[in-house]
Amino acid sequence: MNKILLYCRQGFEKECAAEITAKAAEREIFGFARVKDDSAYVLFECYQQGEAEKLLAELPFSELIFSRQMIVVGELLRDLPPTNRITPVVGMLTGVVEKGGDLRVEVPDTNASKELLKFCRKFTVPLRASLRKDGILLNFESAKRPVVHVFFIASGCCYVGYSLPANNSPLFMGIPRLKFPSDAPSRSTLKLEEAFHVFIPADEWDERLASGMWAVDLGACPGGWTYQLVQRSMMVNAVDNGPMAPSLMDTGQVFHQREDGFKYRPTRNNNYWVVCDMVEKPVRVANLMADWLVNGWCREAIFNLKLPMKKRYEEVAQNLAMIHEKLAQNGINAQIQARQLYHDREEVTVHIRRVWSATPGRRDER
C-alpha cells in the first residue's frame with residue numbers, strides 16, 4: 001500500500017492536494033496527487049514503497065487543514081462481483097492489518113454518493129463478520145487498534161486500507177453529527193460548537209470553557225457564536241453595530257457593544273476568549289486576532305478566515321505564517337491550529353492558545 005487517501009469538502013480537492021504534497025515534502029516524502037474535481041477526496045501516491053505508511057505515522061493529522069480523514073490504501077478494487085464483494089476486500093487486507101479495532105465502510109461526502117451509503121450500511125455487517133473470522137478485526141471494538149476503512153467511490157469500486165487510532169478522525173466519514181439548537185439565532189452556531197470539539201480535548205472543557213468566564217464576540221450579530229458561549233454559562237461582550245437576538249439579551253449574560261469589531265478595545269482585563277466570524281478579508285481578521293493575543297486581551301481565540309476564489313491554500317498558509325511571526329516577534333508562545341470544519345463553507349477556522357513560555361506545559365498566567 002503506497003497511497004494516502006484523504007477525505008475533504010467537495011470543491012476543495014486542489015487545496016487538499018496542495019497541502020498533502022507540501023506536508024509530505026517537508027518530511028522528504030515525494031509523490032503526486034491524483035485530483036478529480038468535486039470528488040470530495042484526494043489520492044496521494046508515494047514514489048517509494050513503504051513511504052505511505054511512514055507518512056501516515058509521522059504526519060500529525062491535526063496539522064492538516066483541508067482533510068477530514070487520512071488513511072493508507074492500496075490499488076483501487078474494480079468491478080467487485082455482486083455475489084461476492086467480500087473476498088477481494090479481505091484479500092487486500094490480509095497480511096496488512098491484524099486485530100483491527102473498528103471497521104468503517106464509507107463514501108465521499110457528495111450528493112451522488114448518498115444512495116451508495118445505504119448499501120455501505122448493509123455491507124458492513126457481513127464484512128465485519130468475515131474480517132473477524134480471519135483475524136483482521138478483533139471480536140470487539142478497540143480504540144487502541146488500527147481502523148479498517150473501505151471507501152466506495154462507485155458501485156463495485158472501492159479503496160481498502162487503514163488509519164491509525166491516535167492519528168485520525170474518530171468520526172465516521174470524518175463528519176460530526178451535531179444537532180442545530182432550535183433556539184439558536186443562526187446556523188453559524190454549529191461552526192463554533194464543532195470548533196470546540198475539534199480544538200479542545202473533552203477532558204479540558206470544564207477548565208477552558210468554564211462557567212463564569214468572560215468572552216468577547218467580534219461581529220456578533222445576530223448571535224450564533226454568542227449563543228455557544230452563553231450555553232457554557234459565560235459572560236459575553238457582543239460587539240456589532242447590528243441587532244442581537246432578544247433571547248440572548250434576556251439571559252443577562254450578554255452585553256451588546258454597538259461598535260465596529262475592528263475598532264473595539266476591551267475595557268476588561270480578564271477576557272479569556274475572543275471569537276470572531278466577520279465577513280472580511282482574511283488578512284485583516286488574522287492581523288486583528290494576532291493583535292488581541294499580543295496585547296494580552298485574551299488567552300484563547302477562535303476565528304474564521306473567509307477564503308478567496310483562487311489560491312486558497314496559499315492564502316491560509318500565508319496568514320497563519322504571519323500570525324506565527326507576529327506572535328514570535330512579541331515573545332508570545334502559542335499553539336496554532338486550523339481546520340476547514342464540516343460546518344464551514346468557503347472558509348477555515350483557526351484556534352490560537354497562548355501558552356506559558358518559561359516552563360513547557362505550564363498555563364499562561366499573563
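Backbone N, Cα and C define each Cβ position, glycine as well.
Among the candidates Ser169, Ser182, Ser188, the residue that Swiss-Prot names alongside Cys221, Pro222, Gly223, Gly224, Asp240, Asp260, Asp277 for the S-adenosyl-L-methionine site is Ser188. Whole-number maximum of the Cα to Cα distances across the S-adenosyl-L-methionine-binding residues Ser188, Cys221, Pro222, Gly223, Gly224, Asp240, Asp260, Asp277: 20 angstrom. Note on Asp277 (S-adenosyl-L-methionine binding site): other Cβ atoms within 10 Å of its Cβ, all shown chains, come to 23. Each of the binding-site residues Pro222, Gly223, Gly224 was scored by how many other Cβ atoms lie within 10 Å of its Cβ, and the smallest score goes to Pro222.
Of all the binding-site residues listed here (Asp240, Asp260), it is Asp260 whose C-beta has the fewest other C-beta atoms within 10 angstroms. It is Lys306, among the recorded positions Ser188, Cys221, Lys306, whose Cβ has the fewest other Cβ atoms within 10 Å in the structure shown.
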